[in-house]
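K.L.:
One structure, as structure tokens, below. Some questions next.
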Amino acid sequence: MNVYYEQDADLGYLQGKNIAVLGYGSQGHAHALNLKESGLNVRVGLRTDSASCQKARAAGLQVDTIADAVKWADVVMVLLPDQYQKAIYDSEIAPNMEPGNTLAFAHGFNIHYKQIVPPDTINVIMIAPKSPGHLVRRTFTEGNGVPCLIAIHHDATGEAKQQALAWAKGLGGAKAGVIETTIKNETETDLFGEQAVLCGGSAELIKAGFETLVEAGYPEELAYFECMHELKLIVDLFYEGGLSRMNYSVSDTAEYGGMTRGPRLITPAVKAEMKKILEEVQDGRFAKEFIDECNGGYKNLNRLRKENSSHPIETVGAKLRNMMSWLIKK
């Protein structure tokens, strides 16, 4: 894979252009502020009733309606929730874009699954920082940055890649490294990771471990500590130095037990199910299911949210976290 750094990116490809950042959430505030402080001309596009309008103005940013921001802009970054992007694109973005403009995303869902099909007359690019927005912002203010992915879906002007690199540089990402990929690969790996490992697999593993201990007669508090609370200690070791760092840092007892018992949990049958989940991402079945869920009023999602919030691990967890001064919000 191609990796680019500061010397490979030129902010000149965005200087003198009008840049609209649509949305001012976790990623939106980081993109808007970092680019502004990199010397670029940035406005934020929001709904008139958005609670974020006041926050963006307080940060020194000019705020317009989404339609007006797009009409003004040469480059538009869409940082709105996936499920709202198509409707807003159809009603407020597409009618106000001109040939030669650039449409940018931080995740490829709507482009890859053809919910949004831009005309061939505009650039379509992706710049995806591989960290939450608060870390994108914090590292920038510290003079550093986080790694970013870029992808070029369509180059109408001959400058799409240079603009994507310039955007990543404006975020601070070129100091860490900018990896070139495709919309397809970013979207499919991102969704699979969320479903099979990060949000789905890990949560179900935690609940199953907690339930196993409680059903065997152990106190819920001990089950919570062993299966939920201490997971952060292990994940931090993974994050800092990979599997080897974790194995080096834990006791020999933990290392041996993990290496000999872990494969009994993640069996070939589990991996086969992972492959099925990946296939549903690849062939669009998950995307269709999610879009139908959104259009149907989130009935299944709301039911699942209620079930998860009522799990015993949530009750005991809330009680134990109140004992942890470093977690108690002031």
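Yeah, the Cβs are placed from backbone N, Cα and C, and that goes for glycine too.
For 1-181, the entry in Swiss-Prot reads domain 'KARI N-terminal Rossmann', with the evidence type sequence analysis. According to Swiss-Prot, the NADP(+) binding site annotation covers TYR24, GLY25, SER26, GLN27, ARG47, SER50, SER52, ASP82, GLN83, TYR84, GLN85, GLY133, on the basis of sequence analysis. Residues annotated as active site in Swiss-Prot: HIS107. Residues or ranges marked as domain 'KARI C-terminal knotted' by Swiss-Prot on the basis of sequence analysis: 182-327. The annotation Mg(2+) 2 binding site is assigned in Swiss-Prot to ASP190, GLU226, GLU230 on the grounds of sequence analysis. If you look up Swiss-Prot, you'll see ASP190, GLU194 marked as Mg(2+) 1 binding site. Annotation source Swiss-Prot lists substrate binding site at SER251, citing sequence analysis.
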K.L.:
What's the CA to CA span in angstrom from SER52 (NADP(+) binding site) over to HIS107 (active site)?
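P.N.:
The separation of the Cα atoms works out to 21 Å.
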K.L.:
What does DSSP assign ASP190 (Mg(2+) 2 binding site), in three states?
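P.N.:
For ASP190 (Mg(2+) 2 binding site) - judged by DSSP and reduced to three states - the answer is helix.
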K.L.:
If one looks at the chain holding ASP190 (Mg(2+) 2 binding site), which residues at least 6 apart in sequence have a CB under 8 angstroms from its CB?
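P.N.:
ASP190 (Mg(2+) 2 binding site) has long-range Cβ partners HIS107, GLY108.
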K.L.:
Between the Cα atoms of GLU194 (Mg(2+) 1 binding site) and GLU230 (Mg(2+) 2 binding site), find the distance and write it as a whole number of Å.
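P.N.:
Cα-Cα, rounded: 21 Å.
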K.L.:
Cβ atoms within 10 Å, counted per site: which of SER26, SER52, GLN83, GLN85, SER251 has the most, among these binding-site residues?
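P.N.:
For the binding-site residues SER26, SER52, GLN83, GLN85, SER251, the Cβ with the most other Cβ atoms within 10 Å is GLN85.
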K.L.:
May I ask which residues of the same chain, at least 6 positions away in sequence, place their Cβ under 8 angstroms from the Cβ of ARG47 (NADP(+) binding site)?
P.N.:
THR65, ILE66
K.L.:
Would you count the other CB atoms within 10 A of the CB of GLU230 (Mg(2+) 2 binding site), including those on all shown protein chains?
P.N.:
11
K.L.:
List the residues of the same chain that sit at least 6 positions away from TYR24 (NADP(+) binding site) in sequence and have their Cβ under 8 Å from its Cβ, in sequence order, or write 'none'.
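P.N.:
TYR24 (NADP(+) binding site) has long-range Cβ partners ALA32, VAL44, LEU46, SER50, SER52, CYS53, LYS55, ALA56.
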K.L.:
Under a criterion of Cβ-Cβ distance under 8 Å and sequence separation of at least 6, what residues of the same chain contact GLU226 (Mg(2+) 2 binding site)?
P.N.:
GLY209, LEU213
K.L.:
Compute all pairwise C-alpha distances among TYR24, GLY25, SER26, GLN27, ARG47, SER50, SER52, ASP82, GLN83, TYR84, GLN85, GLY133, the residues listed as binding NADP(+), and give the largest one in whole angstrom.
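P.N.:
Value for the max Cα separation, rounded to a whole number: 20 Å.
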K.L.:
Limited to the domain 'KARI C-terminal knotted' (182-327), I'd like the whole-number average of pLDDT.
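P.N.:
Within the domain 'KARI C-terminal knotted' (182-327), the model's average pLDDT equals 97.
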K.L.:
I want to verify one value. Collapsing DSSP to three states, which class is SER251 (substrate binding site)?
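P.N.:
Looking at the DSSP assignment, SER251 (substrate binding site) belongs to neither helix nor strand, so coil.
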